[in-house]
Amino acid sequence: VLSPADKKNVKDCWEKIGGHGAEYGAEALERMFLSFPTTKTYFPHFDLSHGSAQVQGHGKKVADALANAAAHVDDLPGALSALSDLHAHKLRVDPVNFKLLSHCLLVTLAAHHPAEFTPAVHASLDKFLASVSTVLTSKYR
C-alpha cells in the first residue's frame, strides 16, 4: 500500500521526468531486452536495435501509461483497466515481465536522476511499480 509520502514521491518524480518520459521508457525497454533476452519474444515484429522507432514508440506508450498511473495513483485499477485487459487477454504477456521492466525503469531513473533517487524515493517508486504490475496482472485470474 502506498503511503501519502510514497504518493508524493511518485508524483514528484514524474514531474521531474517531464518531457523525458518517452526517452526513459525506450531506454528501460532496451535495458530489458539486453538484460533479459527472453522478453524479446513479445516483440517479434519490432526492430529491436538501439534507437529504433518501434522501441521509441513503445517506450512512449510505457511512459504515458505510467504518467497516467501516477496522476491517478489513488485509483490504479480504474486508470489501468484497459491496459490490464490488453496485456492479459490479447497480448498474453507473462506477468514476470512487468517485474523485469520495473527493475529496468528503476535503473534508468537512478542513472538519470542520481541526486533525487534517494532510498526513500527508490522505495516509493518500487512500491508504485509493484502496484502497477499487480493491477496489470489482476485480469489474468
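In case you wondered, yes, glycine gets a Cβ from its N, Cα and C as well.
Here is what Swiss-Prot says about this protein:
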DOMAIN    1-141  domain 'Globin'
MOD_RES   Ser3  phosphoserine
MOD_RES   Lys7  N6-succinyllysine
MOD_RES   Lys11  N6-succinyllysine
MOD_RES   Lys16  N6-succinyllysine
MOD_RES   Tyr24  phosphotyrosine
MOD_RES   Ser49  phosphoserine
BINDING   His58  O2 binding site
BINDING   His87  heme b binding site
MOD_RES   Ser102  phosphoserine
MOD_RES   Ser124  phosphoserine
MOD_RES   Ser131  phosphoserine
MOD_RES   Thr134  phosphothreonine
MOD_RES   Thr137  phosphothreonine
MOD_RES   Ser138  phosphoserine
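Same-chain residues at least 6 positions away in sequence with a Cβ under 8 Å from that of Lys7 (N6-succinyllysine) are, in sequence order, Val73, Asp74, Ser124. In the domain 'Globin' (1-141), helix, strand and coil residues by DSSP number 114 helix, 0 strand, 27 coil. Thr134 (phosphothreonine) and Ser102 (phosphoserine) have their C-alpha atoms 12 Å apart, to the nearest angstrom.
Taking Cβ-Cβ distances under 8 Å and a sequence separation of 6 or more, the neighbours of Lys16 (N6-succinyllysine) in its chain are His113, Glu116. In this structure, the C-alpha atom of Ser102 (phosphoserine) lies 19 angstrom from that of Ser3 (phosphoserine). Reported as a whole number, the C-alpha separation between His58 (O2 binding site) and Thr137 (phosphothreonine) equals 19 Å.
Ranked by Cα separation from Ser3 (phosphoserine), the modified residues Lys11, Tyr24, Ser49, Thr137, Ser138 are led by Lys11.
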